[in-house]
Amino acid sequence: MSNIVWHQHSVDQADRAKLKGQNPVLLWFTGLSGAGKSTLAGALERALFDAGFHTYLLDGDNVRHGLCKDLGFSVADRDENLRRVGEVAKLMVDAGLVVLSAFISPTREERDSIRARFPEGQFIEVHVSTPLSICEQRDPKGLYVKARRGEISNFTGISSPYEAPLSAELTIDTSKGDLASQVRALIDYLTAIEVINPSRLTASA
């Protein structure tokens, strides 16, 4: 029998959420490289932050500077990268935050594994469904060019598959419409499921 037990603190998630005036959730942005995940998540965070909500954005590149700096890009390492991010996100949600996470996360199994760690309604999958052709045209980091040349192996969308969500809570193609309207759609959804109070958004406008 393990000697490691969970210590229940006197302040819980509900207490922290009440203090912050919001219902904590994890918004998981998934899609191809260049789909616009980080841009969309960043714009949503800015809108929420400016309205006084407590947020944090976990970005695929940023976590590899510290939390996951010891990991490469093998299948095993990518799985471990997402496992760690999922655990950190869970702690942040427990702290009462609205957490935004922008990762390719190419397999349904990976995403479903993270979803399973959260109570019903706290994991919101946002499929950034921008087509491969558009992502490849954008290619902000030059990664698609390298992948086509064979310089990058197991590159999602080129030499490694991306499994689109079957039942994402939201689907947004960033090649259609403008960023402001896409953020508005996200905010409308969060308002509808009572994650945020719309009156605070009105007051900050």
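Even glycines carry a Cβ here, placed using N, Cα and C.
Within the same chain, residues at least six positions away from Gly34 (ATP binding site) with a Cβ under 8 Å of its Cβ are Thr130, Ile134, Cys135, Glu136, Arg138, Asp139, Pro140, Lys141, Leu143, Tyr144. The ATP binding site annotation in Swiss-Prot covers Gly31, Leu32, Ser33, Gly34, Ala35, Gly36, Lys37, Ser38.
Per Swiss-Prot, the feature active site, phosphoserine intermediate maps to Ser105; the stated evidence is sequence analysis. The Cβ neighbour count for Ser105 (active site, phosphoserine intermediate), using a 10 Å radius and every protein chain shown, is 28.
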Checklist outcome for this item: For Ser105 (active site, phosphoserine intermediate) and Gly36 (ATP binding site), the CA-to-CA distance in whole Å is 14
Checklist entry - Which of the three DSSP states, helix, strand or coil, fits Ser38 (ATP binding site)? => result helix
